[in-house]
Amino acid sequence: ISSGCGTTGALSCSSNAKGTCCFEAPGGLILQTQFWDTSPETGPTDSWTIHGLWPDNCDGSFSEDCDPSRDYTGISSLLTAQGASDTLQFMNQFWLNDPDDGSNEELWEHEWATHGTCYSTLQTSCLPEGSPKGAEAVAFFEQVVTLFKTLPTYEWLTNQGIKPSSSTTHTYSALTAALEAEAGVIPALNCDGSDLDEIYWYFHLRGSVIDGEFEPISAPEKGDCPSSGIKWLPKNNEK
C-alpha cells in the first residue's frame with residue numbers, strides 16, 4: 001500500500017507539530033532493536049535477530065499499547081492473506097522469540113500491540129480506502145524487515161575484525177567505534193551482565209512508517225553495557 005505522503009515533508013522530531021498520517025509524532029525517535037541470543041540460541045549463528053521497531057518520544061520517553069482494539073492475533077495468517085508471505089518467511093528466520101518466553105507469533109503480536117499501534121502514521125484513517133483489516137500491521141511488519149536488512153550488525157562487526165568469542169573482551173567505545181566506521185552512526189549497546197545481547201539503531205522519519213525515509217542518527221544515550229569487559233559470545237547451539 002502507499003501512504004501518499006512522499007519523503008519531502010518535515011523530519012520527525014524537527015518540530016513540536018502534532019502527529020499526522022505523514023508526520024510521525026509524538027513517537028518520532030524510532031529504534032530498530034536487535035537481539036543477540038546465545039542461551040538459548042535463536043536465529044542464525046552469523047546474524048542478529050529482530051526485536052522490534054519502537055516509537056520513542058523525541059525526549060526519550062515513550063507510550064505503549066496505544067490502541068487495544070487493534071491488538072491483532074494470527075499475524076502469520078494476516079501476512080499470508082495480504083500477500084506478504086515473503087516477509088513472513090524472513091520473520092520465521094530472523095524475528096524469533098526466546099523459546100522460554102513463547103512462540104514467534106506471541107512476540108510479533110506483542111511488538112505490534114505494544115509499539116506498532118502507537119505510530120501516528122499507521123492509524124487506520126491513514127490507509128487507502130478499502131484497505132483490508134490489519135493492512136497497517138502488515139505494512140509495519142514489512143517495514144521492520146526492510147529496515148533490519150539495512151542493518152547487518154554481525155557483518156559490520158566482523159568487517160572490523162570483531163568476532164564472537166567466549167574469551168575476548170571489548171570496551172564499549174571500541175565496539176561503537178567499529179560500528180560507526182561501518183554504519184556512519186553510533187548505536188546503543190545493551191548487555192546481560194557484561195554479555196552483549198541487544199543493540200538499538202536510531203532513526204528520524206520523513207513521511208510515513210509505511211513508505212517513508214528512515215534517516216539514521218546516533219543514539220541519544222548509551223545502552224546499559226559496562227564501559228569495559230564486554231563479551232560478544234558465540235551462538236553455540238546450546239539448545
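Note that Cβ sites are derived from N, Cα and C of the backbone, with glycine treated the same way.
Some features that Swiss-Prot has for this protein:
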- Cys5-Cys22: disulfide bond (DISULFID)
- Cys13-Cys58: disulfide bond (DISULFID)
- Cys21-Cys126: disulfide bond (DISULFID)
- His51: active site (ACT_SITE)
- Cys66-Cys118: disulfide bond (DISULFID)
- Glu111: active site (ACT_SITE)
- His115: active site (ACT_SITE)
- Cys191-Cys225: disulfide bond (DISULFID)
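Look at Cys22 (disulfide bond): DSSP puts it in coil. Among the recorded positions listed here, namely Cys5, Cys22, Glu111, Cys126, Glu111 has its C-alpha nearest to that of Cys191 (disulfide bond).
For the recorded site, Cys191 (disulfide bond), the DSSP three-state label reads strand. Annotation: Cys66 are the disulfide-bonded residues among Cys21, Cys58, Cys66 whose CA atoms are within 10 angstroms of the CA of His115 (active site). Cβ neighbour count for Cys58 (disulfide bond) (all protein chains, 10 Å cutoff from its Cβ): 17.
Among the recorded positions Cys5, His51, Cys58, Cys66, the ones whose Cα is located within 10 Å of the Cα of Glu111 (active site) are His51.
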